[in-house]
Amino acid sequence: MVDAMDMLRTYLSGVRIPGPTNRIFKHECCVSFDTPKSEGGLYVDMSSFLAFGKDFVLWNYEKTRHPVYLHIKQTKKVVAEDRPSKKPTILAIGVEGGFGSSEPDYEESYNIVILPDYASLPFPSVDLPEKVRLAVDAIILAEGAEKKEQVAAWVAEKHVSAYAMCLPQIESSTVIPPSGWKCAKCDKTENLWLNLTDGMILCGRKNWDGTGGNNHAVEHYNETKYPLAVKLGTITADLEAADVFSYAEDESVIDPLLPKHLAHFGIDFSSLQKTEMTTAERELDQNTNFDWNRLQESADALQPIFGPGYTGLVNLGNSCYLAATMQVAFTTQAFISRYYANQSLKSSFDAAPADPTVDLNMQLTKLGHGLLSGRYSIPSSEKQEGIPPRMFKTVIAASHPEFSTMRQQDALEFFLHLLEQVERVNAGNTKLDPSRNFKFGIEDRIQCPSGKVTYNRRYDYILSLNIPLHAATNKDQLEAFQKLKSQAESEGKDLAAAEVVRPRVPLEACLASYSSPEEVMDFFSTALKAKTTATKTTGLTSFPDYLVLHMRKFVMEDGWVPKKLDVYIDVPDIIDISHMRSKGLLPGEELLPESGDVEAESARLVADEQIVSQLLSMGFGQLPCEKAAIYTSNAGVEEAMNWLLSHMDDPDINDPISHTSQNAVASVDQSHVDTLVSFGFQEDVARKALMATGGDIEKATDWIFNSPDAISTSHMDTSSSGATSADNELPDGSGRYRLLGFVSHMGTSTHCGHYVAHIYKEGKWVLYNDEKVGASVNPPKDMGYLYFFERLTDC
């Protein structure tokens, strides 16, 4: 039998000493969620620096023939006495004073292992070759790639305001008293902010639940542009704790000159006492409010559930949007089949590139097996630990600048990004692509006063629904609440969270609103040869296997100020959207005259005199102005101007209009065309939009949605079925669906707060709250942000 040391010397040339640029994995297996704490420990390949669990390391040896590994095993230290858990004091995850910062201590042991016989040598040992000792020391001392790529903290660092050092302060005899403050524009005596430029004391923003101020401080900024304010009641001798807000930067900031700015108004901060919560403290306090507790079912003793399909996902720091979305995704048969039932870890690893951590299919398979196998969801006396989706998050976010950060994100945007990436990596094999099970066709029918119609088709993964508040079913209760609220506001009081009454809108009303006719202003009718008001209705050309409904709870108020609608949606377990199927061109309907190709349309068009006149007043020549109007279908001055600026250097810009010159002008960047086609637009529509907007993709997208008259119908199938060949490739069937799960959001914005998922599984509702998985007693189905429905097949 060959001695282990002799074997090591034989393979010494394959051992590498890692440098500063090498990615070293030593905390988690590349194809599973095994760690050094797992029963078999972790094996680090001393050539590639990839890590593997005990059950998977031989796969790597068979694939690479790398025989030398550093085996790392962590064993929990015995603690003499249990320490009581502390209440979080800062809004952070994984840091001192934050959430989940308690972690037991472990002892690490190391061995050099040589495969395939698992011959072992202890480390440290002076008998080991120097190259091996240097390599192991470098691996142990290096920060693991997993930790480098995932910051565990969730702390919003404040920065020095750009306006603090040069803040203007108006000379005034006003002296701010140490107490007894009141808003200068209403009777509010709490949540008051002192503007550091003019000394005005005004109330803060109104919260989404009606509490808080009346927006007078932010309205004052909009009028004066005085940027900085400090919250009265947070000023004490410890000025670092004072809450300074920059309206210009729209965030809490540091004011290094705060003592000077306060002294301007006669404020002696050394004698003041704290009487108000800071913005961050209030956000923490809101974590325990009525809705937060209801969504997380905090009032009920959550009964943990273990086993296959009941594995939680560790919060990596603001990654709850990912956790909630992936839990629902891996409840659908589409994802289960592709990445678990019909896809083994071994086959995924064999098909993966040399570094499996950067392969999306591998990491989705790893995640699927981690969530569904039950391997990491075993009952124990300790808390549910869940699995950390670090490698998956790294690879899915690689092509997205926002998801690669540690900031909170919109679950809807992440879900769409996930499906787009899944579709990309499964291109050419639609049978394996789970994204197609969510995809469906949408058709807009536009009818002008002539009675003639035109159609536009596109594709989407989600059905985004407006919430018609006028359809609320509890209007009497809302009216009574508004009276109570007005009375409380007149007395300077806030209502308790339990007293707040929210509108209740049936889901049926939201679906009806989507399908209801709407007016299209300034529609250019090719039948009337004039702009008019048309009527648009929208329907679906196919029904997906899984229907995802997005509730538009976040809307824009005047001035582009985001607001969250405080509303409940009554969602039934079974819905039927059969009435939403588009019928296509009906017998007796007549299509609007076709625009034809670009050249023929341009030849028919006469330049709009008003557009030409305005362009002429800007100093452009007559012929270029006429061309700009014609080649943008007389869409408007802005569109013509964009075209003109993009074509001013054309050698034939001053030549008479001809078919030849039209062909030259109509040429657009094919890559831009391909981009718009990938959005679901027809190629001829994409070309026309790019031509009308000077090749700008963003403006072209807006132009398409705002110029439905320019949409070509030449490639449409106008049969009564309304189905195109592309539609026929998508799943289709009954319009009856059962509620499978929903993702809920807590907070004032999609980019802050917390996401959880509720999923109907094996005859019961289950709550997935990061790593916690438990039986749901009262699933808050009326508070969802994304609803996932599965088609019923027994009908």
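The backbone N, Cα and C atoms fix where each Cβ goes, and this holds for glycine too.
Curation does not apply to TrEMBL; its annotations are automatic.
So that you can see what the record holds, here are the features copied from TrEMBL:
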ACT_SITE  Cys320  active site, nucleophile
ACT_SITE  His754  active site, proton acceptor
BINDING   Cys183, Cys186, Cys203, His216  Zn(2+) binding site
DOMAIN    159-269  domain 'UBP-type'
DOMAIN    311-792  domain 'USP'
DOMAIN    606-647  domain 'UBA'
DOMAIN    667-707  domain 'UBA'
* Structure fact -> Minimal Cβ count within 10 Å, across the binding-site residues Cys183, Cys186, Cys203, points to Cys186
* **Neighbouring C-beta atoms (10 Å sphere around the C-beta of His216 (Zn(2+) binding site))** => 22
* To do: List, in sequence order, the residues of the same chain other than Cys183, Cys186, Cys203, His216 whose Cβ lies within 8 Å of the centroid of the Cβ atoms of the recorded Zn(2+) site.
  => Ala184, Lys185, Asp187, Lys188, Leu192, Leu202, Gly213, Asn214, Ala217
* To do: With the residue listed as 'active site, nucleophile' as the reference Cα, tell me which of the recorded positions Cys183, Cys186, Cys203, His216, His754 is the closest one.
  => His754
* Structure fact -> Cys203 (Zn(2+) binding site) to His754 (active site, proton acceptor), Cα to Cα, whole Å, comes out at 27
* Determine the most Cβ-crowded residue among the active-site residues Cys320, His754, using a 10 Å radius around each Cβ and all protein chains in the structure. => Cys320
* What's the CA to CA span in angstrom from Cys183 (Zn(2+) binding site) over to His754 (active site, proton acceptor)? -> 32
* Structure fact -> Cα-Cα, His216 (Zn(2+) binding site) versus the residue listed as 'active site, proton acceptor', nearest Å, comes out at 28
* Please spell out the DSSP helix, strand and coil residue counts for the domain 'UBP-type' (159-269). => 19 helix, 21 strand, 71 coil
